[in-house]
Amino acid sequence: MDSKLSFISTKLFEAKISKKLTFADIGNQLGRNEVWVAAVFYGQAKPEESDLKKLSELLDIPEKYLLTDFNDETYFPSRGRLFDLPPSDPLLYRFYEILQVYGYPLKSVINEKFGDGIMSAIDFTTNVEKTGENQERVKITFEGKFLPFKKW
């Protein structure tokens, strides 16, 4: 992963830390999912103007900074450039490993249930929860639509 964050990402993280907020806290205030909030902070999602106004108020960041960076017509969320493969971070490595080991089996199950030719997944929500008897397990749920290749 590129270790340098953008100016606005740095400001968002600084405000989050100084206000002792979690991604879930911010998400609850925005009416958004915590994973989506984290994606915004890392520059991997683009917030809407209404989100920027709420973020400005919640984090005490002047709205002009948020509008300048996120509302610029040249701003595009960064997708797929999180890290060099394989990643050196142990948690990201495990996710990478899971995709390497189970990627094709998952794709096979999806294709079996929905048909071959699934090209993309959209409209996703992701939730992260503690589970288990002693809350020592983690449950990650992805839910969304799978779209087929366009037929010509």
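Heads up, residue numbers simply count up from 1 along the chain you see.
Note that Cβ sites are derived from N, Cα and C of the backbone, with glycine treated the same way.
Annotations in TrEMBL come from automatic prediction, not curation.
Residues or ranges marked as active site by TrEMBL: ARG94, GLU97, SER120. Taken from TrEMBL, the feature domain 'Cyanate lyase C-terminal' covers 81-152.
Counting every protein chain shown, the Cβ of SER120 (active site) has 10 other Cβ atoms within 10 Å. Summarising model confidence by region, the domain 'Cyanate lyase C-terminal' (81-152) averages a pLDDT of 81. Separating the Cα atoms of SER120 (active site) and GLU97 (active site) is a whole-number distance of 21 Å.
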